[in-house]
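Chemist: Sending over a structure as structure tokens; questions will come in a sec.
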């Protein structure tokens, strides 16, 4: 129930009424803002059921493609795409939220629209390939956490037909299990693991995980505290149990009066998020 939001579908047509850009995704925003009493809160901004896509552009060899959506009380989001002879990639994401929306920001000290621009981390994708990423991705900048999941998109569509070829994000690609017992260093969020052939002797049972203390601070005060032992159970032909090692795991995230996000990282990637 954490990610409650509407899916967005944008199908842009060219002058001949053929699809030139297609995108479908889900997203949510966590925004830290100052209140009239000079403290800070975290607002959760979800997409509404009515989303427009005014200003979206097909793009071509000399002009960037653009997906632009508008929703709620004066909020908007856009991302532009450029291409080479062989690939395309997202460049910048522009997000504008309006603190005059009292349903989301009931006691905001600053009134009016606020715009942030952030570089997209998407890797180049081959032309005539659909980019797909079902796993959750976080993008943080300027007191805003942008959350994306269930993404399917293809700019610069050829001949008006969405490609059948998929390019998956790294988080969606299964990884192979090494022959040595896995550690937190080779586990990523929502990755699936292929087991090596079963050994001839019974494997050693996995012990209970060590208890870790994870905390977040707001200023000089602790705003979130979790004392917990964590074990991942990867479902497959033979279950794989992996303990989270608190000695190599750090905490990150945001917290407010009504909403908090805790992310546990092993230094290379997010292991799990609450």
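Just so you know, glycine gets a Cβ as well, placed from its N, Cα and C.
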Chemist: Of the residue ranges 167-213, 214-260, which one carries the region 'Disordered' annotation in TrEMBL?
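Modeler: Range annotated as region 'Disordered' by TrEMBL: 167-213.
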Chemist: At a 10 Å cut-off from the C-beta of residue 133 (disulfide bond), count the other C-beta atoms across all protein chains.
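Modeler: Total other Cβ atoms inside 10 Å, all chains included: 20.
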